[in-house]
């Protein structure tokens, strides 16, 4: 009994890659496209070494008022969020300035815990 296998396209096809996929996204260029920094949003490097929120990028766009409040303020907001995933800018409408932010849920728990810093932060974004 002789068994033969035909070459399968999905296994043997190897296209020539002309784009380096690791360098497609440029954070600064993306923020500039959204006209950030502006009067409402600022860029912070609090996560530069990924030790603030290790699942977030190194540069984050946060409400301008949070930058004025300082890094201690951002740390307190982060303490109230799962894995310190504070609300950060994902998209900004060019005309209305409506924003989409991403974050983890607040750690309210069964005791309905609150955070004044988190509430101030969220009301600014």
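Just so it is clear, glycine is given a Cβ too, placed from its N, Cα and C backbone atoms.
Just so it is clear, the model here is predicted, and its values are computed rather than measured.
Per TrEMBL, the feature compositional bias 'Basic and acidic residues' maps to 114-125. Residues of the compositional bias 'Basic and acidic residues' (114-125) grouped by DSSP class, helix first, strand second and coil last, total 9 helix, 0 strand, 3 coil.
The domain 'Myotubularin phosphatase' feature in TrEMBL is assigned to 21-125.
What TrEMBL records for 103-125 is region 'Disordered'. Distant neighbours of the region 'Disordered' (103-125): 62-66, 69, 73, 76-77, 79-83, 85-89; these residues of the same chain sit at least 6 beyond its ends, with a Cβ under 8 Å from one of its Cβ atoms.
Across the domain 'Myotubularin phosphatase' (21-125), mean pLDDT in this model comes to 95.
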